[in-house]
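What TrEMBL says about this protein:
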{"type": "DOMAIN", "residues": "293-356", "note": "domain 'MIR'"}
{"type": "DOMAIN", "residues": "367-424", "note": "domain 'MIR'"}
{"type": "DOMAIN", "residues": "428-488", "note": "domain 'MIR'"}
{"type": "TRANSMEM", "residues": "68-88", "note": "transmembrane segment"}
{"type": "TRANSMEM", "residues": "100-120", "note": "transmembrane segment"}
{"type": "TRANSMEM", "residues": "126-142", "note": "transmembrane segment"}
{"type": "TRANSMEM", "residues": "154-172", "note": "transmembrane segment"}
{"type": "TRANSMEM", "residues": "184-217", "note": "transmembrane segment"}
{"type": "TRANSMEM", "residues": "237-258", "note": "transmembrane segment"}
{"type": "TRANSMEM", "residues": "572-594", "note": "transmembrane segment"}
{"type": "TRANSMEM", "residues": "636-659", "note": "transmembrane segment"}
{"type": "TRANSMEM", "residues": "671-691", "note": "transmembrane segment"}
Amino acid sequence: MLSSHKIPVTVKVEINVLLLLVTLLGLLTRLYGIQFPRAVVFDEVYYGQFVSLYMKQVFFVDESGPPFGHMILALGAYLGGFDGNFVWNRIGAEYSNNVPVWSLRVIPALSGALCVPLGYLLMQELGYSHLVALMASVLLLLENSLIVQSRFMLLESILIFFLLLAVVSYLRYCKAPNDSSVRWVWLALSGVASSCAIGVKYMGLFTYLLLLGLATVHVWKLIGDKSLNMAVVVKQVVAQFFALIVLPVVLYLVFFYAHLSILYHSGPHDQMMSSAFQASLEGGLARITKGQPLEVAYGSQVTLRSISSKPVPCWLHSHKANYPIRYENGRGSSHQQQVTCYPFKDVNNWWIIKDPRRQDLVVSSPPRVVHHGDVIQLLHGMTSRFLNTHDVAAPMSPHSQEVSCYIDFNVSMPVQNLWRVDILNRESERESWKTILSEVRLVHVNTSAVLKLSGTSLPDWGFRQLEVIGDKVYKGYQQTGMWNVEEHRYGRSHEQKERELELNSPTHIDISCNLSFIARFLELQWRMLSVKAEESEHKYSSSPVEWITMDTNIAYWLHPSNNAQIHLIGNFVTWTLANIALAVYCLLFLAYLLRRRRKIQDIPEASWAQMVQAGAVCAGGWAVNYLPFFTMEKTLFLYHYLPALTFQILLVPVVLEHVHSHILRSPSQRWAFGGVVLAALSAVLLAYHTISPFTYGHVEMTSDQLAMLRWKESWDILLRKH
């Protein structure tokens, strides 16, 4: 029996030498000298801050995108032993010895390097020859802008890697035989890569939607394929639904779960979040509010925080200053005590919950808890005046009522200081008012106006604090009209002087506020999508129109003592070829489409199908990653174009192969065309080499050399004056 088995067992391995070669060259061009410069390069100053916070497990919010990309960069820092102790305060700052520069930059570099073989594989999955695939990978290999973006602690190369991986994996799944078990691995990998791309940057959503479009077409064809029985069709449809929709959603939640699990310490961005979220973090508000009573009672001393964080988080506030008798525009006021929303912790943020039917300002034993629907008075702790609103126009919002603390000037202006407590997130009609957890709307009994943050800053007489108004036309769910008790204690002092001492002392009384992961995820996701960073013009910002012809560049780094410098500048020849290829493809596609409508088939059906699929992936990939930027109201930079550029570059060999195979008829024309293509690739190599001083930054250049490399007047090339 043993003699029937061959010994030794042999394994045959096929190696694609071309694929191996472009992979090695990709690694060489991206990894070579990535520790230079040993200084902060452009947006490393931005991402480095988040990496340091990860190392210290301190909570932060990055409104520009999900956390997975930051976690990848933090992984490199962790593997390199980075302790997070570096001040990322300016571009060009020299890294200290404790910063593992190679580890911080190696993951983006590896991602950028692997994009080169992925370009090769993508062409093969689209049905093109090894020669066409080699041309695609060479164009990606020699693209200076992709190299620059790969060599530093930035996210675009990681994003592009996952985008290409998602598309390649799905195309490989589509081409695999129905009886192959490996095809399900490719399908799952496509879903994983899609989720990772979205987790790195929201831009990944554009290509994900394109992939879903490809999947929809594929499913439609499956349904119409009569050679497949219904069980097989249902199996494939269900598998694609779970792999491309359910799996990405689950992974997206996993990214945030890991993010929130790692960052459990209070941090600099706490105030963007709700009081309940802050209380779930270790330190910060959790330390301040430790031991607070859960239920608000008559006699409670509280601070009321606006649920809205726009324009900044703030607390209901009053102080010993009155509204001016007349405003700058001549309108009169009540001249009563100002009420504002103050964005800092202050003793004047404290208010006392009073029962209108009683005079005492302390909590009884047992405490009489305030419930939804109860009518209360709010007494300002330090001035002992009641929160009031009346039919007087607000200072900055004349269509709304002024909110003040009532002063009896004996001018027949009646006190109107009764407020009804509406708990918006209640679960029952008699729910008690809870510290931190309850979202409360305070409705004025006399006028039905809602206590609301207008968001407008008061003039100097109001110390530039935020205006609070009584809104009589308040409708729907508006966070500006919602408040929650943040700090809370039971009042014990009967005398004003004793009460002031009590208000100035810290709160140390315990509330367990463990928000569920879903609640924290939803709040964080909402903050990321709704809170906009302050918009400002940047020296290197640009519009999408300028990207196509590379009218702009970005100076990433300048040597501290000479003219060596690094710029985000693309290979001008490659960008030109990509633009021409896109235009030619669109013209050819339109011409073929019109002629096919008239039943004229210029190319075989298989070639037409291949051209359509390649266009959907490459031209479609360019469109979905470029056109949406025209609708975005944010500061944009040239690097936002790189995902679109990658797909556009892949269109170049597609068009060249089509022209060679289907447009040119005679052998002499094809030979001549081959010579033109070879010359174009030589020009790409020459342009790569010429611009490489700006790509790697190793070469000290003279002013004349810099002038020669300034191929466009709009390029901002730096010149150090000695």
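Note: Cβ is positioned from N, Cα and C throughout, glycine not excepted.
What you see is a predicted model, and the numbers here were worked out from it, not measured in a lab.
Averaged across the domain 'MIR' (293-356), pLDDT for the predicted model comes to 90. Beyond the ends of the transmembrane segment (184-217), by six or more residues, the same chain brings 64-69, 72, 155-156, 158-159, 162-163, 165-167, 169-170, 172-173, 176, 239-240, 243-245, 247-249, 251-252, 255, 616-617, 620-621, 624-625, 628, 640, 643 to within a C-beta distance below 8 angstroms of the stretch. Counting residues of the domain 'MIR' (293-356) by DSSP class, helix then strand then coil, yields 3 helix, 30 strand, 31 coil. In this chain, the transmembrane segment (100-120) lies out of contact with the transmembrane segment (572-594); the count of Cβ pairs under 8 Å, excluding pairs fewer than 6 apart in sequence, is fewer than 3.
Beyond its flanks by at least six residues, the transmembrane segment (237-258) meets 66-68, 71, 170, 184, 187-188, 190-192, 194-196, 198-199, 208, 211-212, 215, 218-219, 222-223, 517, 521, 524-525 of its own chain at Cβ-Cβ distances under 8 Å. Outside the transmembrane segment (68-88), and at least 6 residues removed from its termini, the chain residues within Cβ reach (under 8 Å) are 40, 44-56, 62, 95-96, 98-100, 102-108, 153, 155, 158-159, 196, 199-201, 255, 258-259, 262.
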